[in-house]
Structures are given as C-alpha cells and as structure tokens.
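Worksheet: the structure to be examined is printed underneath.
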Amino acid sequence: MFQVSRVYKVEGLGRGGLHQLAESSLRIHSSLRAKPELNMSFAGLNDADVAAALAACTAADSFNHKAFFAKVGLASKSSDDVKKAFYVIDQDKSGFIEEDELKLFLQNFSASARALTDAETKAFLADGDKDGDGMIGVDEFAAMIKG
C-alpha cells in the first residue's frame, strides 16, 4: 500500500498571511502501481532472451512456466537471483506468491505482457505449491525453477 499526500500553499488566509493546507492522504493499492519494463533485469537476464520467451507465449494457453524459466535464463541463475525474482513477483510482499500474483507473472518481465489465463495460472500454482496451502513460498519457487 502506498500513501500519497499533497501540500498546498495558500496565500492570504488568516493573520499570518501564508498557511499550508494539507490534503488528506490518498491510499493506492500496490497492484495499481505502475510497473517498470523488465523488472527482472537485476538478475542479469538478457533482454533478447526475455523478449523471445514472451513472444513464445503471446497466445492464450501457450504459457509453460518450465519452458519460460529456461528461455529467460532464470533456471541457470544463482539461488540469490532466484530469490530476488521471487520477491519481485510477490507484489504484496506477503512472503508468498498467490494466484492473483501468478496471473500477472509475465508483466514482471514486461508491463505490456498479457495476463495468464485461469488454466495457465492454476497449472503454474499446482506445480509450485508443494505443501498444498494455495500459495508458493520462496523455497517452493526456487525448487520449481531449478527442478
């Protein structure tokens, strides 16, 4: 959750001549924030590999997470880089990747990427959620990528 405040300067109010009027805070849910292109660039992923992986799954129901991990090079990254990727995907910073975050998985690589279909999302979740809690933890995510 982000908090945005504005402060306005208003002249000619009261005896002091200059007062500040603070606008009440506006709360914006984190899922509405702008996502920069290629959030995963910190992990040393090659832009061309990411673009090719995204192009390979533009059609609905064409996403395969194992193939995607291999194409972008995430499967060959260090465990620290994989954990960094996990924390980018965990948009609400809960320590778990939930179904709604998986649905927007591709947008972590490009803001213009499509959302996963319900079938793709459920298959992705089923493969990663080894303890059956309906979420993917950091260790489950690392095992899914490396496995």
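Keep in mind that glycine also has a Cβ here, set from the backbone N, Cα and C atoms.
What TrEMBL records for 77-112, 116-147 is domain 'EF-hand'. The Ca(2+) binding site feature in TrEMBL is assigned to D90, D92, S94, F96, E101, D129, D131, D133, E140.
Of the listed binding-site residues, namely E101, D131, E140, the sparsest Cβ surroundings within 10 Å are found at D131. Cβ environment of S94 (Ca(2+) binding site): no same-chain residue six or more positions apart lies under 8 Å away. Residues in the domain 'EF-hand' (77-112) partition by DSSP class (helix H, G, I; strand E, B; coil) as 20 helix, 2 strand, 14 coil.
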